[in-house]
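Notes to accompany the following structure.
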């Protein structure tokens, strides 16, 4: 490594190199980003200001909106600046920071969706014990646990990536500093990085997803066998379907990217899958939870 030059700057190749599409993509993604900010901020303000919404479900929804804003803000402003300038260069430190905060927000959101499924499970299947189990203290602990786990997971990847040597090409085939396209540029061995990505990140994607599926299988069985009221079933199904829609929009592209590793090797498909959970899902979440939720629409 003595005769090799360390890379101090990376070039993000972005979504396309066609100059004619840059302005159109800038307007499109600016609209999506503003929609993300306004929609999720509206949910947070409504939940905070409306006392009737001070329940565990809306507390976690407020956390989800906060993470959606954070998740999009990590990557989209840099992408928008690249559409205007025609190129997206980013410093080595900035690249590591973007990697860290994107994995921090993404992992926290994946775990939070599992926590929200647990909340629905307790509310529907154990309504008499719900207020005792999902106390304000328990909700704070669950939320803090998701954020802390997300931060530690991201910190692991950031530290491991910072140990790699970059001495050759500095063009990243992505619109932000993701681990897979970064490690392809490393001059030193990245086998440990990829192993941790496949095992740890794969487990954090598959584990909560399986938990959510089993939770809802139990919930739907419970509603079918134990709940006789059609109105009770309709109300329970309404909140469940909203959450399941968000889970599908988030987890399907995440699993495509990280489990198994062979599926996410194409840079083009990786970018499309990442756009789904990084850009599209944060825009749709407020619409999904408000259009199907009578209490939020009234508030």
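A Cβ is built for glycine as well, from the same backbone N, Cα and C atoms used for every other residue.
It should be emphasised that the depicted structure is a prediction, and the values quoted were computed from it without experimental measurement.
Some features that TrEMBL has for this protein:
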type	residues	note
TRANSMEM	24-46	transmembrane segment
DOMAIN	39-289	domain 'G-protein coupled receptors family 1 profile'
TRANSMEM	58-80	transmembrane segment
TRANSMEM	100-118	transmembrane segment
TRANSMEM	138-156	transmembrane segment
TRANSMEM	199-219	transmembrane segment
TRANSMEM	240-259	transmembrane segment
TRANSMEM	271-291	transmembrane segment
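Sequence-distant residue pairs (6 or more apart) of the transmembrane segment (24-46) and the transmembrane segment (199-219) include fewer than 3 whose Cβ atoms are under 8 Å, leaving the two stretches without contact. The transmembrane segment (199-219) shares the most Cβ pairs under 8 Å with 100-118, out of the stretches 100-118, 240-259, 271-291. Here the transmembrane segment (271-291) has long-range neighbours at 15, 29, 32-33, 35-36, 39-40, 42-43, 61, 64-65, 68-69, 71-72, 75-76, 102, 106, 174-175, 178, 242, 245-246, 249-250, 252-254, 256-257, 264, 297, meaning same-chain residues at least 6 beyond its ends whose C-beta is under 8 angstroms from one of its own. Over the domain 'G-protein coupled receptors family 1 profile' (39-289), the average per-residue pLDDT in this prediction is 87.
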